[in-house]
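Residues or ranges marked as [4Fe-4S] cluster binding site by TrEMBL: C66, C70, C73. Residues or ranges marked as domain 'Radical SAM core' by TrEMBL: 52-297.
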Amino acid sequence: MSKLSFNIDDVISGKARLTDAQALELHSNASLHDLGQWAHAVTLRLHPEDYRTYVIDRNINYTNVCTAKCTFCAFRRDHEDSDAYTLTYDTIGEKIKELVAIGGTQILMQGGMNDRLPIEWYEDLLRYIKSTFPTVHIHAFSPPEFVEFERFFNMDVRDIIRRLHKAGLDTIPGGGGEIFAPRVRKRIGIGKASGDDWLRVMRVAHEEGLNTSATMLIGHIEFVRERIEHMAAIRDMQDYARALSGHGELSGVVRRCISRWPGIFERSAFKPAEVASAPGSYTAFIHWPFQRENTPLGRAKEWDPDTYGPFDDSTNEDILRGRVVRMAGADEYLRMLAIARLYFDNVPSLQSSWVTMGPKVGQLAMMFGANDMGSIMMEENVVSAAGTTYSLAERDICRLIRDAGWVPSQRDQYYNILKRHDGADAPDLQPLAQPPMRNVKQIDKQFIGAAPGIDDGADSSVRVQLPLLGDAR
């Protein structure tokens, strides 16, 4: 048993909240085995049900044109690039039609920050989707997109969220979170929203009644301390969101958040009288490791302690300036997942990141704090452009969940159960008609075929296959 300076049992039982210092201590001193046991105990307390969940959605990247130049991204293009694209409404509609045909219930729609698209383009797109596919949930537009919308449209984010929500936007994804620390962000997210602005967008979204998700990217130039600070901001702002709904004393939470994170409240002023009758909150937290292939940051040297000395809080100029990356493998991914489950006493769900970690680590994540396997991800472009992705069909995810000891169940974005697969008709109990799943390491035309629907000459080498249900490649 790992030796700690505090009583971990109080954290597991919910009697005490894990502090930032204690989270750092867990990362430094706790064994992976102990972390997994403790996190799993918390998961069972929060989610005692006999099932674990997944969602069927499609990731639609409506444009790859982007004003930001993130060094970890291999997806972005400039307007003049030959493979720059913006999808037409009809193309997006065809993608959603394919999703609905296989039982999908929502789209995750994000894109680059394209300064040639007016707000009316987004409003008309949302209205088109809602009128054509009224049952499809629209989970769209990350905080960095909203921050650029403010600049492009000369509007405050509150007014933008209201207009897009009225047009059909249902919830907001947590993309672009990366690491909030300014030291990190100014080196990996050139031209992208600050951490304060990311949190401000989500704060306003919650005030306006929209649910969101929170994310973190690990395994690049960040210190572990900066990861915990990132998580602290999310937890504090979740306290704020919950206080808006009557869980906690609002004025005290607001004072604490303004004191610790003043930049989040400097713009888009808080107006209690305008808060929605049913405020939103973070429904889930997801983290994943940086994928280095095909990215500018991926060309940085990999940390070697013999050469550079200790990484965390180093004074080495190469480390401080982001010239050295410390990659995160399965061990580090699971370690941070377990710490996140112990830390986030106010975020209900943690998702497994099998897309970057692979199916087996994704399955193991359910023993380290995750209660949800995320999406079958009918289409994925951004991570795959960085060189690594995995493809799973519904039967694969169901099998992974069942083999881990739970009943696989399809959910919606609000974690309502749509289908409970405890009968003979479960997807994973049907005869296998396709080859088994395999790691997709090289994304090329031979593997993809002609992926339909990309306009303006987009090169299919930046897209992953579209795995229909039953296709377990």
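Cβ coordinates are placed from backbone N, Cα and C, and glycine is handled just like the others.
For the domain 'Radical SAM core' (52-297), the predicted model reports an average pLDDT of 93. A strand conformation is recorded for C70 ([4Fe-4S] cluster binding site) in the three-state DSSP classification.
Summary of the [4Fe-4S] cluster site environment: with the site residues C66, C70, C73 set aside, the chain residues having Cβ atoms within 8 Å of the Cβ mean position are A68, K69, F72, F75, R76, G112, G189, K192. Cβ neighbour density within 10 Å is lowest for C73 among the binding-site residues C66, C73.
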